[in-house]
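> What follows is a structure written as structure tokens; I'll ask about it next.
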Amino acid sequence: MDILINFINVMMHIDTYLTLIVQQYGILTYVILFLIIFCETGLVITPFLPGDSMLFAAGALAGIGSMNIFTLLIVVYLAAVLGDTANYHIGKTIGKNILEKDSIKFINKDYLKKAQIFYEKHGSMTTVIGRFIPIIRTFVPFVAGISKMNYSKFIPYNMFGGGLWVSLFLGGGYFFGNLSFVKTHFSYMLIAIMIISLLPGIIVFMQEKSKKNGDTKNNIPSTEI
């Protein structure tokens, strides 16, 4: 419980923690951000890492000159693309073995199944759309690898989706993160970003649930005489 409370606290005040990291580690902050984004997008055991809100907060810091926006864009973009690429190859190599197991430590198979459903519905565009859905974005390249999506097809979608995601959230923080209203309510803005990011996933989940309920009702035999 304490871990969850601490995690929520970090999420709500990520701008404060990021400021402290910049002050303490200077240029190494770029390395830290690279590792966080790489792990969030590249490892199926770390889908909980704060991608969207952290990018927005980093963009806001770049807006006041604490970080260089161009260096930040390059570093985070590379982390996002390389992370998805690594995840794709992991899925292609060992993904089938993981799916065949009833359970596996550190990997939530429910999230994996949801990512599969999402991939089956949206095809190759899942690599782009999935970037904007927390948790799902971690599993999408993994599922693409399992599905043996052509690598030459995966790469352009990966690069485009990564560029769009990074530009949107870094740019949002850079241009709007230091407005007086946003600065005053920064924690609430981060919560809003997380909620908005989760909306597509919630909508897909509700649609699938509604479809299953509809199928169940249709399969119930009639009792009329």
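Placed from the backbone N, Cα and C atoms, the Cβ positions cover glycine too.
Heads up, here are the entries from TrEMBL:
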DOMAIN    49-174  domain 'VTT'
TRANSMEM  27-49  transmembrane segment
TRANSMEM  55-82  transmembrane segment
TRANSMEM  157-176  transmembrane segment
TRANSMEM  188-206  transmembrane segment
> Looking only at the domain 'VTT' (49-174), how are its residues distributed among DSSP helix, strand and coil?
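Residue counts for the domain 'VTT' (49-174) by secondary structure: 104 helix, 2 strand, 20 coil.
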> Sequence-remote contacts (6 or more beyond its ends) of the transmembrane segment (157-176), Cβ cut-off under 8 Å?
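51-52, 55-63, 69, 72-73, 76-77, 80-81, 84-85, 88, 124-125, 127-132, 141, 182, 193.
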